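Trainee: Below is the structure I would like to discuss, written out as structure tokens.
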Amino acid sequence: MVSKALLRLVSAVNRRRMKLLLGIALLAYVASVWGNFVNMRSIQENGELKIESKIEEMVEPLREKIRDLEKSFTQKYPPVKFLSEKDRKRILITGGAGFVGSHLTDKLMMDGHEVTVVDNFFTGRKRNVEHWIGHENFELINHDVVEPLYIEVDQIYHLASPASPPNYMYNPIKTLKTNTIGTLNMLGLAKRVGARLLLASTSEVYGDPEVHPQSEDYWGHVNPIGPRACYDEGKRVAETMCYAYMKQEGVEVRVARIFNTFGPRMHMNDGRVVSNFILQALQGEPLTVYGSGSQTRAFQYVSDLVNGLVALMNSNVSSPVNLGNPEEHTILEFAQLIKNLVGSGSEIQFLSEAQDDPQKRKPDIKKAKLMLGWEPVVPLEEGLNKAIHYFRKELEYQANNQYIPKPKPARIKKGRTRHS
């Protein structure tokens, strides 16, 4: 009886022990699983952190490139002033891809206007204005002004015309057509849309002047059949057309008689004295002076001219206005100055005097000062240094086998091209 009771007691104890052992084993198993889970989770988290870190390292350069792209998009165009609809004008510039025209384009675009450039690229270059292509205020049209143009504008700056001797002597008939038929078409456009037109005339209307300095009331001394007559007489006729349209049709006109101008974007081989001397000095070639070099010229920097054109367009002055720098230099002095600024060892070579080369050229700008509040402000040496820097870059551009359009040489049977 007692033995049976003991057996039952031992059996009960064993069952409890087994349950306890099983419980302990189960707890140990759960603890082990939980430990493994925690450990695996830690490894996973560390792995994820490493992966995230690796991805971050790979993505950061992409983010940097995106930031650079965004920055380049916001800085794609030069800063443009915001103008209200009332103040913003629709402006047409013929010859706007040329030397002066492209600088005028920059000025009017940065002032906040809508600018349409028309050019046949005879002497103009697309890369002079390519930094504006795509801007909502800018349009570039490949068009020759000898053909009519139909467009809605408020102002017309009529600059289209070959302006350097090799260009207009190469094609004198085209030069005459541009200055006559082209001007007629632009005046017709101005009449149709009620626009104001500014004609870019020239100091060449004074010819080889017998009056010095030249004021706007001087009629000039021009050879009507000389090698440069296609340009000189073309501009004189263009002025006559402007005032005929003003008197008969009521067209608002402005006439700027532009004197020698220089600066970046001049053609390297356009035959003008500034470009000739700079190019020759940079290449170590002799600086060619026609005659004794005692002829005088007055040179203005292109930004001064552009400011004068804008001031004249927006003024009430309808009679011709001289725009030039009255600071006069002989051609020989000018050659020596450029030699010194370039640091060139070039010699100065004297050639026989050119046909119809004006002996003196200096503007009287009293009218511009009084009626426009305008006069040149850029010192000659400062402007020349900028032009020299530009020509250095152009020569590098050419040396890298990049194509630079060059004007074709003038076909002249008698005489030579003269200092311009």
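Glycine is treated like the rest: Cβ placed from N, Cα and C.
Small disclaimer: the values here were computed from a predicted structure and weren't measured.
Pasting the feature list from Swiss-Prot:
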- Tyr231: active site, proton acceptor (ACT_SITE)
- 98-100, 119-120, 122-124, 144-145, Leu159, Ser161, Thr178, Ala200, Tyr231, Lys235, Thr261, His267, Arg272: NAD(+) binding site (BINDING)
- Leu149, Tyr150, Lys177, Asn185, Gly188, Lys191, Arg192, Tyr245, Gln248, Glu249: UDP-alpha-D-glucuronate binding site (BINDING)
- Asn316: N-linked glycosylation site (CARBOHYD)
- Met1: N-acetylmethionine (MOD_RES)
- Thr94: phosphothreonine (MOD_RES)
- 1-19: topological domain 'Cytoplasmic' (TOPO_DOM)
- 41-420: topological domain 'Lumenal' (TOPO_DOM)
- 20-40: transmembrane segment (TRANSMEM)
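Have a look at these and tell me how they're positioned relative to everything else.
Mentor: DSSP assigns Tyr231 (active site, proton acceptor) to a helix in the three-state reduction. Taking all protein chains in view, 26 other C-beta atoms sit within 10 angstroms of the C-beta of Tyr231 (active site, proton acceptor).
A simple way to gauge crowding: the CB of Thr123 (NAD(+) binding site) has 23 other CB atoms within 10 angstroms, across all the protein chains here.
Secondary structure from DSSP puts Gly188 (UDP-alpha-D-glucuronate binding site) in a helix.
Sequence-distant neighbours of Asn316 (N-linked glycosylation site): no residue of the same chain at least 6 apart has a C-beta under 8 Å from its C-beta.
Cβ neighbours of Thr94 (phosphothreonine) (same chain, under 8 Å, six or more residues apart in sequence): Gly101, Val118, Asp119, Val145, Ile156, Tyr157, His158, Leu159, Ala160, Gly182, Met186.
Note on the topological domain 'Cytoplasmic' (1-19): its mean pLDDT in the predicted model is 48.
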Trainee: Taking Cα atoms as reference points, rank the recorded positions Leu149, Lys177, Tyr231 by distance from Arg272 (NAD(+) binding site) and give the first.
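Mentor: Comparing Cα positions, the closest of these recorded positions turns out to be Tyr231.
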Trainee: Given the recorded positions Gly98, Thr123, Thr178, Tyr231, Lys235, find the one whose Cα is closest in space to the Cα of Leu149 (UDP-alpha-D-glucuronate binding site).
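Mentor: Smallest Cα separation from Leu149 (UDP-alpha-D-glucuronate binding site) among Gly98, Thr123, Thr178, Tyr231, Lys235: Thr178.
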Trainee: Just how spread out is the UDP-alpha-D-glucuronate site if you go by the largest Cα to Cα distance in Å among Leu149, Tyr150, Lys177, Asn185, Gly188, Lys191, Arg192, Tyr245, Gln248, Glu249?
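Mentor: Overall maximum Cα spacing for these binding residues reaches 22 Å.
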Trainee: Using CB atoms and a 10 A radius, I'd like the single residue among the binding-site residues Gly98, Gly188 with the highest neighbour count.
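Mentor: Highest number of other Cβ atoms within 10 Å: Gly98.
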Trainee: Out of Gly98, Thr123, Thr178, Tyr231, Lys235, give those recorded positions positioned within 10 angstroms of Arg192 (UDP-alpha-D-glucuronate binding site), comparing C-alpha atoms, in sequence order.
Mentor: none
